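Chemist: Structure provided below as structure tokens; questions to follow.
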Amino acid sequence: MSELTTDETPVVRMVNITKHFPGVLANDQVNLTLHRGEILALLGENGAGKSTLMNMLVGLYQADSGEIYVKGKLAEINSPQDSMALGIGMIHQEFMLVGNMSVAENIVLGMKDLPFVPPMAEIHEKITELSKRYGLQVYPDKIIQDLSVGEQQRVEILKLLYRGADILILDEPTAVLTPGEARDLNEILKKMLTEGKSAIFITHKMDEVMEFSHTVQVLRRGKSVSVCPTKSIKRVQDLANMMVGRDILFSLERGPYNPGDIKVEVKDLLVLPVGGGKPILDNISFSIRGGEILGIAGVAGNGQQQLTEAITGLLKVNGGTIFLNGKDMTNKTPLQVIKAGVSHIPADRGSMGVVGDMSVGDNLSMKKYRTAELSSHNIIKRGLVRKFADHLIELFTIKTPNQDTSVKFLSGGNIQKTILAREIDACGGILIAVYPSRGLDVGATEAVRQNLIKQRDKGCAVLLVSEELEELLMVADKIAVMFEGRIMDIVDAKDAKTEELGMLMAGVERRDI
Amino acid sequence: MKFRLEKRDSRSTRMAVLVPVASLLVSFILGAIVLLISDANPFQAYAAMIKGAFGSQTKLQYTLVKSIPLLLCGLAVGIAFRLKFWNIGAEGQYVGGVIGITWVMQFWTFLPSALLLPVGMLVGILFGAIWGGIPGVLKAQWSVDETLTTLMMNYIIIGFAEYLYFDAWKAPRGNMGTVLYPKEAWLPRIWGRVHGGIFIALILVGILWFVLYKTRWGFELNMIGKNKRAAECQGVSIKKNIILAMLLSGAIAGLAGVIDAAAVTHQLTKGVDAGYGFTGIIIAWMSGLNPFISIIVSVIMAALETGSDALQMTMKLPNAMGAVLQGLILIPLLAGNIFIEYRLLVIKNRKEVTA
């Protein structure tokens, strides 16, 4: 990172910010200072109050007490419009994009000075110009729902740049990115700094803090526990300890690699896009044995999600076969696949994993409600469901007021634990986990990974799709790299090298490495 | 001063009770404004309406008789709405029921008269189910928008019913309407005008509540309605359930028509499209899709209709007042529901100071 001069007035100064939520002190007398050209990493576990603090800076929440100064002036920020007018923009973890509108439409949507008939040609031109300048590749005509998560994030960044934001807040920007994309983001941020912009980014990844930031501020349980220049940090471990207030286990317990029979066998799988074109899945073949974790590495949007949907019966395939636990399960319904013993932790927690408006107890029983364990003669036994849910809540340490709370009111980590509990409990030998630790804090991530390994040690075949190589190297036994719907190579995790995997992820053929 | 909404940390149960009650009050205030504009004293008007709806045994009976098809239509619509399947075709499914029972009553003369009513009811229910099932299949197989299909199917069957009672099935005497059903096949009355249909409706409320809240199928419908994609991931078939729910929804709307025809009109004639199916939409929404609450709501809706008839007679106001009030009830409720999950914050302006 470039040197930082701090003689000017800070661009943002938050003073003694306190915010209560019913039963929770989310921010307790927090101070924060951001200078021009600075990248501040806001580090903390889920629930530490990082997002709350930033939401107050962009006007989504109001502080109970405390003051915010922007560019030296006391600011009254009551809405995102107010903060945008001050040049502050935020990219949320959940993107704020309209799925069935184009990139360009999304970028200008809601802009106050937009004419009644927007000059789309002009807008396209400006977007293309901005995207070139910052190296953010997007196509203004594309529809949002056709884009990968990584691409959608670029649209979010462009949205802010288009509006002339000079203070950017990024909420866990790399949670959805591959190592390569994360590096691109780093480049983009550097370019922005040279133009006098500043950024705050919320994270709980230590390596990112070291790589991206000038200054790091650590929040723990609503309080600011440390602010220091990133350079002064000697060991990553120290940061981690500051964040959680205890030593973290960086290695996971795992039994010896002892593969059994083949449980998942995929042969020559072919999926074509509706309306023709390049195959989404192109002759995919692999097998997973019991007691084995196959990791799928790759940049998001290279067919990983479709692969898991084809296996779980959510997506029809055009060719090839899928054998699960010895039975031909090609193009069977999701229910048949579940009955064949497959559990699935889907990519998108909120929209695929849980029903947010239903209770924790209901969500936990969504796989087993149809079995004799929880119902008889089509009637659900409420008493059994309650006992079952309480048992899982305890076993997986799901933090919820009670099992009647709607799932949507839980934190991301606890929503994921709810899904894990349900899927692992009902697992019949095959577990498919797609980005299971995305957006989770250290503690929850550790729990997710340890649980996957536990299933492997019990003899399950585990398919783990992840964007984090570090995670795959730590958890998987074998790693398959996907690129543009193909498997580039399958390697043993213990011999795999990050650089080599990175090359494969970028589409470089094995023989050229 | 500024206002803004902030999301609550959990659903407010206090608001969940308060909002429907408050919105009922708001709608009566809004109604009072309409009455004032029509040069009527709102207090007198409301008093006349209450008297017209509940003022005597006969009036109470009229209100209850009206509330039976309303309740059934509300239940019918509510089942589809659980899946977020916007069935606005209960009206047509209701008419389908009436056509079905009339067909049996008029032409299945080979049946012993004791069987006419049960067979007629079954056929009517079947017609309703088919009329609801078609948009269900269209949606499940080809994602055809159900608001359009259910709405359009109303006009098709209403037109067909007109053809029947003006022409094909018209009684030899008179200029419209079919022959009255044989008297022994009428659904018997139990208290004045109130007929046995009230039992069928109340029993159905109990059955539906059980099915929706206690069975696996009810659980699946709930999942689909609240998150279709997640339900699919858990192995719930969306297509099958949309079709099943629409068959059931249509069947219940058909049952409403069957009961009203067998117990009240005893024929297929003009006025068969009395709007119960549309009012059922309001009832389903107001009851929060809860079968038991639907009972109360449908009596209120029926009272608004019978009450406004009285309004016409005693205060010379158009009886459309009832429809106006029915509509006014829904708007504050829909608007007010936001307060169950959000709270209103008032922000006082502070002066801008330079630091």
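We count from 1, first residue shown onward.
Even glycines carry a Cβ here, placed using N, Cα and C.
Residues or ranges marked as transmembrane segment by TrEMBL: B:63-81, B:117-138, B:150-166, B:190-213, B:242-264, B:276-300, B:320-340.
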Chemist: Taking residues 6+ outside the transmembrane segment (B:63-81), which of them lie with a CB under 8 Å of any CB in it?
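Modeler: Distant Cβ neighbours of the transmembrane segment (B:63-81) are 53-54, 87-88, 90, 93-94, 132, 193-195, 197-198, 201, 204-205, 208, 212, 221, 225, 245-246, 248-253, 255-257, 259-260, 263-264, 274, 276-277, 279-281, 283-285, 287, 289, 291, 294-295, 297-299, 301-303, 305-306.
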Chemist: Considering only Cβ pairs within less than 8 angstroms, which of the stretches B:117-138, B:150-166, B:190-213, B:242-264 has the most against the transmembrane segment (B:276-300)?
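Modeler: Maximum Cβ contact count belongs to B:190-213.
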Chemist: With CB pairs under 8 Å as the measure, which of the listed stretches B:117-138, B:150-166, B:190-213 comes out on top against the transmembrane segment (B:242-264)?
Modeler: B:117-138
Chemist: State the residues, same chain only, that lie 6 or more residues beyond the ends of the transmembrane segment (B:190-213) and have a CB under 8 A from a CB inside it; answer 'none' if no residue qualifies.
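Modeler: Long-range Cβ neighbours of the transmembrane segment (B:190-213): 57-58, 61-62, 64-65, 68, 71-72, 75, 79, 82, 221-222, 252, 255, 259-260, 262-264, 290-292, 294-295.
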